[in-house]
Protein chains: 2
Amino acid sequence: MEHASFPPLSRVAICGGTHGNEMTGVYIVREMQKKKENAARSFSIIPVLTNPRAVDVCRRYADMDLNRCFTDALLSSPVTNSMPYELRRAQELNTQLGPKGGKEAVDLLVDLHNTTANMGLCLIFYSLDWLTLHILKYIQNKISSVPVRAIQLDIPLSDAYSLEAVGKHGFAIEVGPQPHGVLRADIFNVAKKAVDLTLEFIQEFNAGRRFEGGEVEAYTFVKSIDYPRDSSGEITAAIHPELQDKDFQLLRSGDPLFLSFSGETVKHDGEDLYPFFINECAYYEKKVAFQLALKTTFLLPSVSVEKN
Amino acid sequence: MEHASFPPLSRVAICGGTHGNEMTGVYIVREMQKKKENAARSFSIIPVLTNPRAVDVCRRYADMDLNRCFTDALLSSPVTNSMPYELRRAQELNTQLGPKGGKEAVDLLVDLHNTTANMGLCLIFYSLDWLTLHILKYIQNKISSVPVRAIQLDIPLSDAYSLEAVGKHGFAIEVGPQPHGVLRADIFNVAKKAVDLTLEFIQEFNAGRRFEGGEVEAYTFVKSIDYPRDSSGEITAAIHPELQDKDFQLLRSGDPLFLSFSGETVKHDGEDLYPFFINECAYYEKKVAFQLALKTTFLLPSVSVEKN
């Protein structure tokens with residue numbers, strides 16, 4: 001089997017509060033900022049509270065969704081006095097942690113998110129990256145309290161719109177279900193464990209450990225499905241009780257999708273796919289009731305650090 | 001056993017959106033407003049979306065919490081151009097559905113709420129009112145999918161701060177757990193069933209049915225408990241995983257309350273009481289981690305409509 005090697009990871013950013021009401025990341029980052037880093041490590045950790053204005057008011061964002069601001073086009077848009085707060089903040093973060101696609105970027109960027117959907121722990125990737133998929137496997141092997149899955153967005157780097165695209169390697173950690181604005185200890189503990197395991201992996205990787213290859217499953221985004229709506233754009237149905245909380249359970253043609261307020265069931269009519277982000281609070285305004293994915297199995301090469 | 005009689009209920013207000021991100025009430029009221037009322041009823045139904053500005057932006061409120069604006073003092077405060085939106089709205093609602101404590105007030109006011117706490121279906125009352133406690137019993141007898149409970153606040157009417165105090169009789173229906181900003185079909189269906197049963201009760205009551213007395217349990221509010229905080233006011237702990245979602249399960253001295261971010265458990269040190277509103281999203285800003293209640297059993301008289 002193939003082998004891949006990568007340079008050591010020397011700068012790692014742990015980010016939270018990109019959405020100001022997703023509380024797990026806010027409190028993990030604040031705790032990391034408070035703690036003196038005593039551990040002897042082969043790398044530096046940069047904890048960043050990325051959207052302090054949104055955190056202060058406990059909302060997703062102040063002017064626009066920060067986690068849609070990291071495309072090449074938006075990062076290079078001219079600075080004006082009237083630009084939205086988050087667009088300015090994205091450019092600041094790109095200076096601090098990037099530049100995206102550049103040599104000076106942090107080696108790994110992890111951004112912490114929550115969802116109201118019953119998704120367990122997910123690592124979200126833009127593209128297949130053997131190194132970060134090995135981190136996924138490492139976490140999967142050590143967390144059994146919730147399912148640990150990979151979501152792949154398959155978007156070219158130039159169009160990649162979220163913060164983790166700024167690092168040389170990067171992923172979002174998405175944990176749910178948790179209402180936005182609420183901090184649950186169980187969800188906090190799972191996310192904190194995933195962050196600690198990521199740091200543990202890096203320490204072992206930098207020290208020269210060889211991580212054996214193998215198979216890894218990922219859910220690849222196919223499309224988003226909107227709620228049924230009336231002519232004025234108001235939703236006319238909720239997620240069906242038989243679909244609610246069933247993230248990553250295969251949806252077959254004929255399975256219920258929505259229950260209208262007048263009691264009718266809307267059924268799935270199409271190919272078999274895996275639903276996720278079912279009834280995510282923040283996606284109502286994006287006109288997304290849930291998303292659908294294909295499940296793919298990838299063959300991972302073994303990885304180790306590059307020998308100088 | 002005692003018997004109590006009441007005048008017929010001729011005007012009934014069903015209110016939702018008092019908190020603009022509590023979606024069950026928003027959609028129940030919108031559906032009621034759309035439907036032509038064909039049923040032959042002995043009473044009129046007034047569906048009211050009470051805080052449209054907060055509903056439009058899907059937030060709890062625009063300027064201040066509408067459901068704290070219905071004290072006698074605030075309802076009689078002078079109208080100014082700079083008054084908060086919700087204070088003006090409270091006075092409008094008091095004109096439309098009240099006046100609070102007055103002869104022209106609606107006979108029954110039901111206000112629909114959601115909570116992120118695992119509270120099932122609760123009816124919240126200011127004071128003991130045999131008629132509305134009979135509605136509780138009626139609902140308890142016909143809903144078995146979730147627990148149905150009564151919470152009593154025991155506040156004098158003049159200080160009663162929430163919308164249901166405007167009706168001659170009134171209660172809030174609180175249903176959870178549901179993240180604010182999310183509409184779950186299971187929660188919608190339970191709340192809708194409770195509204196339908198309330199209307200069914202009124203129809204039978206007005207028609208002269210005698211409702212037999214008996215025992216009824218209520219949880220009487222005792223006090224609120226804040227999160228542990230550091231010197232700057234930041235919370236330093238989350239609700240303990242063993243307390244989370246355990247609303248209405250007796251809390252004894254020594255039971256865990258909080259889990260600090262550094263891993264220490266804070267335990268209950270005091271009398272045995274029943275916790276509720278555990279980890280309610282909107283109560284972080286009110287400095288309430290959960291509330292505690294005593295459980296009391298009341299002896300209900302039978303009730304029927306007054307004969308003219």
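Every residue, even glycine, has its Cβ placed from backbone N, Cα and C.
Automated prediction, rather than curation, is the source of TrEMBL annotations.
Site annotation for Zn(2+) in TrEMBL covers B:His19, B:Glu22, and the matching candidate from B:His113, B:His134 is B:His113. When the recorded positions B:Glu22, B:Glu174 are compared by the number of other C-beta atoms lying within 10 angstroms of their own C-beta, B:Glu174 comes out lowest.
Taken through DSSP, the domain 'AstE/AspA barrel-sandwich hybrid' (B:215-293) splits into 3 helix, 33 strand, 43 coil. Compute the center of the Cβ atoms of B:His19, B:Glu22, B:His113, which mark the site for Zn(2+); besides them, the chain residues with Cβ within 8 Å of that center are B:Gly16, B:Gly17, B:Thr18, B:Asn21, B:Thr24, B:Gly25, B:Arg60, B:Asn67, B:Leu112, B:Asn114, B:Thr115, B:His180. DSSP classifies B:Glu22 (Zn(2+) binding site) as coil under the three-state reduction.
Within the same chain, residues at least 6 positions away in sequence whose Cβ sits under 8 Å from that of B:His19 (Zn(2+) binding site) are B:Asn51, B:Ala54, B:Arg60, B:Tyr61, B:Asp65, B:Leu66, B:Asn67, B:His113, B:Asn114, B:His180, B:Ala282. When pLDDT is averaged over the domain 'AstE/AspA barrel-sandwich hybrid' (B:215-293), the result is 97.
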